[in-house]
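Have a look at the structure below before the remarks.
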Amino acid sequence: MAREQYTTVTEGTHIERPESQLVHRIGIYGWRKRCLYLFVLLLLIILVVNLALTIWILKVMWFSPIGMGHLHVTQDGLRLEGESEFLFPLYVKEIRSRVDSSLLLQSTQNVTVNARNSEGEVTGRVKVGAQMVEVQSQHFQIRSEDGKPLFTAEERGVMVDTGRLRVTGPEGAIFEHSVETPLVRADPFEDLRLESPTRSLSMDAPRGVHIKAHTGKMEALSQMDIILQSSDGVLVLDAETVGLPELEQGTPGPSGSSKGFYEICVCPDGKLYLSAADEATTCEEHSHICL
């Protein structure tokens, strides 16, 4: 609203009256003023709510200057206390437990550890499942505490570097193909059995095969024939007594029918040879083989 201003003077003073001026009020009045106050109040309420939520989140998530909850940030990396669950892949350089506790990796399905090259291709994999443990790599090796190789597996073969490979199963060890070893020995006071249930058993060595029983006996049982053959050497039975208990005993035949029969003769050094059978012994006649 506008109003006219008048200037009053004392009597006898002549002052020129200024022209009439219009004066305008500056400000927000009415419903605009109430809306502005309401908007400022709403902003203040939102600010207080945000501050309260921020304080609540900091308290619930256990934020601190050294980390968040059980997750602490150290100079060596991240340190996590207690059990943790990762819903997505985890990429780290090293995972280790505390000095006084073990490291446990657990999953309801399986645990898979992959090693990748710079191109992202899998170069090694360890998969622990419910029924099997699978290792995929070009070279697999188990070392002792001092770094000595104990077990090595690769495409060329499997090598056990321990002083002794011991199989404690009741059925022993089953090999589908050949086995190369310098020594096969049973435990003390236990029997050693080499068995092939459906096929033959062969032992080959370029410098000989040595079988020895220190305190017990040695048996070779066969349903068919047992053949002891030496192509260039001799067959030596070095014992005080050589017995053939199950040797079949012959029966007298007609006289003059000794043709085609031989008798076994023994040299002083134990060498055996055959001599044509006759009514009397003929070993002395053919004893030149003992010379």
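In case you wondered, yes, glycine gets a Cβ from its N, Cα and C as well.
Around Cys290 (disulfide bond), the same-chain residues six or more apart in sequence whose CB sits under 8 Å from its CB are Cys267, Pro268, Asp269, Lys271, Tyr273, listed in sequence order. Under the heading disulfide bond, Swiss-Prot lists Cys265-Cys290 (among others), citing sequence analysis as support.
The secondary structure of Cys267 (disulfide bond), as reduced to three states from DSSP, is coil rather than helix or strand. Cβ neighbours within 10 Å of Cys267 (disulfide bond), excluding its own Cβ and spanning all shown chains: 13. Taken from Swiss-Prot, the feature disulfide bond covers Cys267-Cys283 (among others), and the record attributes it to sequence analysis.
Taken from Swiss-Prot, the feature N-linked glycosylation site covers Asn110. Within its own chain, Asn110 (N-linked glycosylation site) has Lys127, Val128, Gly129, Ala130 as residues 6 or more apart in sequence whose C-beta sits under 8 angstroms from its own.
Under the heading topological domain 'Cytoplasmic', Swiss-Prot lists 1-37. Confidence over the topological domain 'Cytoplasmic' (1-37), given as mean pLDDT on the 0 to 100 scale, stands at 63.
Here Swiss-Prot flags 59-291 as topological domain 'Extracellular'.
Packing against the transmembrane segment (38-58) from elsewhere in the chain is no residue: none 6 or more residues past its ends has a CB under 8 Å from a CB in it. Here Swiss-Prot flags 38-58 as transmembrane segment, drawing on sequence analysis.
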Per DSSP, Asn110 (N-linked glycosylation site) is which: helix, strand or coil?
coil
For Cys290 (disulfide bond), which of the three DSSP-derived states applies: helix, strand, or coil?
helix
